């Protein structure tokens, strides 16, 4: 068995040292030293992933390495911040070399694509737990904040939310794909669940175009509420406008809605922009190579004292839909 | 049972919002936004604490809140960085209000003393795990780096290392205190183990005075090797010069050495400084209100190709001592 230090060294520190460019001081000292670009702020986000909660015990470690960083890069994307680096703290039941080799490969393949350096970390024995903290750079006045939406803004979403939740449902046996595309659909859903793509390029392209933004980690219905609460607004969503992947469209309509509205783990961006920015939003999406869809409108609160900002769900004809879905809460049942 | 969001809100986010001053954007968005002082770098460190490994399951949650932040502030101290803020990610088996109230009280009492803001976090269900990432500010050329020691430097240590390990030994029944001071000694050891004081003021006072520094988390024998490896030097330590607390001095000499040399969890600083800085070191210690003791000397490697930099352990008369102690390695037995 490798000792802690040689294990960290082989799979993380050696690699980190080879790639250290931006940090003035990286792995191997008490602290790393980094700075945002001149005139910019450091954007910081942290996410903890726990076995049995965020991934299955038998998850492919390569996919887990990818996803652990992807969900953190997604937070940078949602602020319009450019990735700089990250720290990795992990508890491992025992240091298995094959597991670490695959995990670190998945992690660094994504890190390299976004030029995001490993600058520090901690490793200990314990129930499998991954905690990443990611650092990006953004001008303070260009950051896409949750409290920046305004009355009348369009509401947009990237990609096709719901596919990750559909993948989880297939793995759990909640529903099955069928027909000629059954196997391809399963592969599509699993890829959405295991290899989410952080929308970093879209977040960067939306600076100066979008107002508020966040990433969909807990589901559109739950996450959108965060923008509503912080911006003190209400929203109307055209449920028929929700972009649905061809694979998800082949599942029953009720499953589609459950996945697209209450499914977590998509890491697509939900953002608002002024009506006169529609062409600019489309241009940003094209530049980033990501599909975006306009799904609704922000509106003033009917009563400023309303305790819970409301989302009005409507169909394409404008008729109200009664949906009692919500984003999942980690201390409640999913 | 409180939901995840209301629980986070009550014990962490509300408090964090009340105290947000330095961060341009704190808890409640996808990222926090912070910046180091003008012309300075951001010092970043992360530590993960796991039940059964870093603390007992029945630990006083107030002490745990203190220690989780203290061990991270200690890393800033070891760089000579001034605390700015921290993120807290935690996995909790279930959100128990009394536990959270005590934990957050211990955490914020220390945070307030060092003017260190909670700027972000993540909470999830899972086996108890605390991961903090701490941020400080330091001028790049003033940082106390592990690779900065030089041949002939004095080696210093703060406080009385070994007390935390003595406390662990008492709790585990490895040894017992005796005599008239037995109860007071146990209380002293437990306080060292449960409420370590990060040497932030000393680290700041040593900027421009000390060269290399680190904090003693794994024990002097193991931690000092990190300075030797990074600075490509050897060291001679006068074991009889090691500062030992009155409580530890009442335990057998073999226990004293085991605790002082191989005991972890002290979070005292070990640092090097040029011989002509002795008065300046003493003045810095006095300013910080911390005792410091000169325990040895750095020296050139006898063979540049030596695989493992050596520590020569000597008594006050200069005679060599054979010690086969080492800092503990989290994947080996403690």
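Using N, Cα and C of the backbone, Cβ positions are placed for all residues, glycine too.
Under 8 Å, Cβ to Cβ, and six or more positions away along its own chain, residue B:30 (Mg(2+) 3 binding site) finds no residue. Per TrEMBL, Mg(2+) 3 binding site is recorded for B:30, B:75, B:215.
Summarising the annotation, TrEMBL assigns Mg(2+) 4 binding site to B:30, B:45, B:75. DSSP assigns residue B:30 (Mg(2+) 3 binding site) to coil, not to a helix or a strand.
For residue B:46 (Mg(2+) 1 binding site), the count of additional Cβ atoms within 10 Å of its Cβ stands at 27 [all protein chains shown]. Taken from TrEMBL, the feature Mg(2+) 1 binding site covers B:46, B:47, B:122.
Marked as Mg(2+) 2 binding site by TrEMBL: B:47, B:75. DSSP assigns residue B:75 (Mg(2+) 3 binding site) to a helix in the three-state reduction. Sequence-distant contacts of residue B:75 (Mg(2+) 3 binding site), defined by Cβ-Cβ distance under 8 angstroms and a gap of at least six in the same chain, are B:45, B:47, B:134, B:215.
Note on residue B:54 (substrate binding site): other Cβ atoms within 10 Å of its Cβ, all shown chains, come to 21. Secondary structure at residue B:54 (substrate binding site), as computed by DSSP, is coil. Look at TrEMBL and you will find B:54, B:265, B:328 tagged as substrate binding site.
The ATP binding site annotation in TrEMBL covers B:121, B:122, B:146, B:217. Mapped onto three states, the DSSP output places residue B:121 (ATP binding site) in strand.
The Mg(2+) 5 binding site feature in TrEMBL is assigned to B:218. In the three-state DSSP reading, residue B:218 (Mg(2+) 5 binding site) counts as coil.
Summarising the annotation, TrEMBL assigns domain 'PurM-like N-terminal' to B:28-138.
Residues or ranges marked as domain 'PurM-like C-terminal' by TrEMBL: B:150-300. Along the domain 'PurM-like C-terminal' (B:150-300), the predicted structure has mean pLDDT 94.
There are 23 other CB atoms within 10 A of the CB of residue B:121 (ATP binding site), with all protein chains counted.
DSSP gives residue B:146 (ATP binding site) a helix state. Cα of residue B:265 (substrate binding site) to Cα of residue B:218 (Mg(2+) 5 binding site): a span of 6 Å. Among the binding-site residues B:75, B:218, B:265, the ones whose Cβ sits under 8 Å from a Cβ of chain A are, in sequence order, B:75. Spacing of residue B:121 (ATP binding site) relative to residue B:46 (Mg(2+) 1 binding site) is 13 Å (Cα to Cα, whole number). Counting every protein chain shown, the Cβ of residue B:217 (ATP binding site) has 22 other Cβ atoms within 10 Å. A distance of 11 Å separates the Cα atom of residue B:218 (Mg(2+) 5 binding site) from that of residue B:54 (substrate binding site). Put simply, residue B:217 (ATP binding site) is 11 Å from residue B:54 (substrate binding site) when counted between their Cα atoms.
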